[in-house]
Structure formats: structure tokens, C-alpha cells
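Student: Below are the features I grabbed from Swiss-Prot:
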DISULFID  97-189  disulfide bond
CARBOHYD  5  N-linked glycosylation site
TOPO_DOM  1-25  topological domain 'Extracellular'
TOPO_DOM  47-54  topological domain 'Cytoplasmic'
TOPO_DOM  76-99  topological domain 'Extracellular'
TOPO_DOM  121-139  topological domain 'Cytoplasmic'
TOPO_DOM  161-197  topological domain 'Extracellular'
TOPO_DOM  218-237  topological domain 'Cytoplasmic'
TOPO_DOM  259-271  topological domain 'Extracellular'
TOPO_DOM  293-322  topological domain 'Cytoplasmic'
TRANSMEM  26-46  transmembrane segment
TRANSMEM  55-75  transmembrane segment
TRANSMEM  100-120  transmembrane segment
TRANSMEM  140-160  transmembrane segment
TRANSMEM  198-217  transmembrane segment
TRANSMEM  238-258  transmembrane segment
TRANSMEM  272-292  transmembrane segment
């Protein structure tokens with residue numbers, strides 16, 4: 001009987017998309033472009049909402065926090081993915097891997113709760129417009145935002161702690177582009193049954209409950225839209241809410257398929273593609289869907305741009321004169 005390699009793993013190697021060697025350069029350009037657009041779009045939202053006088057309603061407070069979250073959420077995984085595409089296999093230390101895992105779970109859970117509260121906010125704004133200022137005031141909005149962040153922070157601790165206590169011996173190659181829960185549990189040489197059950201229950205508690213809390217208000221919104229007598233008003237409102245619902249469904253659908261209902265028959269490469277949707281694609285779509293289709297927000301962007309351009313012009317003119 002051959003002796004088993006029980007040496008403790010101190011670092012991991014992320015394999016990424018090594019089976020697509022001929023597409024590495026193209027994938028790098030695509031992911032880099034998406035990452036840059038995501039950062040720019042969300043930073044624009046944060047800047048415009050903080051400076052726009054008409055954008056201080058609860059809806060835009062939620063949006064500002066969502067954009068701030070998306071910047072960090074996508075930065076947790078994408079830079080390492082880009083480095084992986086350039087080096088064909090990125091090494092990451094054990095502590096850095098656990099840190100990435102924690103921030104991924106923490107920010108992902110926070111986004112779930114934020115999306116649920118934003119759906120409730122949209123429900124009140126559309127279905128109870130006259131009572132909306134009294135029901136969703138800035139104090140309540142601030143408390144809901146704090147609840148989202150605090151719940152996300154606490155949610156990230158348990159999975160990260162349980163994974164960090166597992167033994168990793170011998171193999172250190174993670175068949176993924178970031179330190180995710182399923183591939184780490186597959187790599188461990190410990191018994192992971194309790195860890196799997198705990199993460200499964202936690203995934204149901206966060207993903208499924210938040211999904212139904214997000215979906216519920218949109219059901220009432222759709223029924224309210226169908227009662228709007230104006231065809232143009234109904235079409236415009238339905239288009240906006242339909243876009244929100246499409247992005248929410250994409251985000252939750254891919255997450256649930258990975259953590260609540262994983263298929264043992266799916267190839268690791270398919271799981272990586274599914275992961276791309278909730279780590280790369282949805283952070284890009286959120287600023288487009290929630291803000292750039294909004295008339296008030298686009299007007300605020302134009303005002304901020306005119307103000308910034310005016311300041312730059314006056315500064316350059318003053319330097320030229322002196």
C-alpha cells in the first residue's frame with residue numbers, strides 16, 4: 001500500500017480556464033472591459049447620487065449602497081481572474097484564499113438583502129405612491145441598509161471559519177477561478193458532511209428567503225401595473241420592473257443552482273461559466289438597469305457633468321490668463 005501524502009497545504013493554485021488556452025487573450029480583454037465598465041458605472045452612480053440634489057430619496061440611497069457594494073464584490077474575484085488568464089494558473093496563499101472566501105460570502109449575502117429591501121421600496125413607490133414618503137422615510141431606509149450590511153458581515157463568518165478548519169493535504173489545485181465553497185470542500189481531505197449541511201442550510205436561509213422576499217413585491221407590482229389605464233404608462237413601468245426582475249432572476253438563479261441545488265453531473269467548466277454570471281455579469285448590469293434607464297438620474301448626470309466641465313474650464317482659463 002502506497003503511503004498517503006499528508007503534507008499540509010500552505011497555498012493553492014487556481015486553475016481558472018486552463019482548458020481554453022487558445023481563448024485566454026480574448027477572455028482577458030472581455031473580462032477586463034467588463035470590469036472597467038462595472039467600476040466606472042458604479043463609481044458614477046455613487047458620485048452623482050452624493051452630489052445630485054434631487055437624488056436624496058430612499059431609492060437612491062439603496063442604489064448608492066448597492067453600487068458601493070458592487071465595486072468591492074466584483075473586485076473580490078475579477079482581478080485574480082485577470083491575473084490567472086495572464087499567468088495560466090494563479091497561486092494564492094491559504095490566508096488570502098480564506099479572506100477572499102469571506103469577502104465573497106459577506107458581500108454576496110449583503111447584496112441579497114439589499115435587493116430584497118430595494119424590491120420592497122419599489123413596491124411602496126408604485127403601489128402606494130401617496131403614502132410612500134411616510135412609509136419609506138430616510139430613517140427607515142438607513143436602518144434597512146445597516147441591517148443588510150450587518151447581516152452580510154455575520155453571514156460570512158460561519159462558512160469561512162468552517163472551511164478554514166478543514167484539512168487540506170496533498171493536492172492544492174482548485175479547479176475554479178476563485179476560492180469558492182464547493183471546490184474547496186471537494187479538495188479537502190477531512191470529512192465535510194457537517195460543513196456541507198451547514199452551508200446548505202445557510203444558503204437556503206439567505207438565497208431562497210431573499211429571493212422570495214424580492215420576488216413577492218414584484219408580483220404585486222405587476223398586478224398593479226396591469227390596472228394602469230394608460231397603455232404608454234403601463235408599458236414604461238412594466239419595462240423598468242421587467243428589467244429589474246430579469247437581473248434579479250439571473251443573479252439568484254445562478255447562485256441557487258450553485259449552492260442550493262448543485263448538480264453532481266455538471267462539469268467543473270460549466271460551474272465556472274455559471275459563476276461568471278453572478279460574479280462578473282450582474283455587477284455590470286445592476287448600474288445599467290437601476291440607474292441609466294432612469295430619467296431623473298440621467299438628468300442629474302448631465303448636471304454634474306456640466307458642473308465639472310465648468311469648473312475645469314474656469315480653472316484652465318484662469319491658468320492661461322495668469
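Every residue number used here counts from 1 along the chain in the order it is shown.
Every residue gets a Cβ built from N, Cα and C, even glycine.
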Student: Any chance the transmembrane segment (26-46) and the transmembrane segment (272-292) have 3 or more Cβ pairs under 8 A, given the pairs are 6 or more apart in sequence?
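Tutor: Answer yes, regions in contact.
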Student: Could you say which of the disulfide-bonded residues 97, 189 has its Cβ with the most other Cβ atoms inside 10 Å?
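Tutor: For the disulfide-bonded residues 97, 189, the Cβ with the most other Cβ atoms within 10 Å is 97.
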Student: Of the listed stretches 55-75, 100-120, 140-160, 272-292, which one has the most C-beta pairs under 8 A with the transmembrane segment (238-258)?
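Tutor: Selected stretch: 272-292, with the most Cβ pairs under 8 Å.
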Student: Out of 55-75, 100-120, 140-160, which stretch has the largest tally of CB pairs under 8 angstroms to the transmembrane segment (272-292)?
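Tutor: Looking at each of 55-75, 100-120, 140-160 in turn, the most contacts to the transmembrane segment (272-292) are made by 55-75.
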Student: Using a Cβ cut-off under 8 Å, which residues of the same chain at least 6 positions beyond either end of the topological domain 'Cytoplasmic' (121-139) come close to it?
Tutor: 56, 58-59, 61-62, 217-218, 220-221, 224-225, 237, 241, 244
Student: Six or more residues out from either end of the transmembrane segment (55-75), which same-chain residues have a Cβ under 8 Å from its Cβ atoms?
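Tutor: Tertiary neighbours of the transmembrane segment (55-75) are 35, 38-39, 41-43, 45-46, 48-49, 103-104, 107-108, 110-111, 114-115, 117-118, 121-122, 125, 136-138, 140-142, 144-145, 148-149, 279-280, 283-284, 286-287, 290-291, 296-297, 300.
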Student: Tally of helix, strand and coil residues over the topological domain 'Cytoplasmic' (121-139) according to DSSP?
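Tutor: Output for the topological domain 'Cytoplasmic' (121-139) reads 13 helix, 0 strand, 6 coil.
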Student: Using a Cβ-Cβ cut-off of under 8 Å, list the residues of the same chain that are 6+ residues beyond the ends of the topological domain 'Extracellular' (259-271) and lie near it.
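Tutor: That would be 17, 19, 175-176, 181-183, 199-200, 203-204, 207-208.
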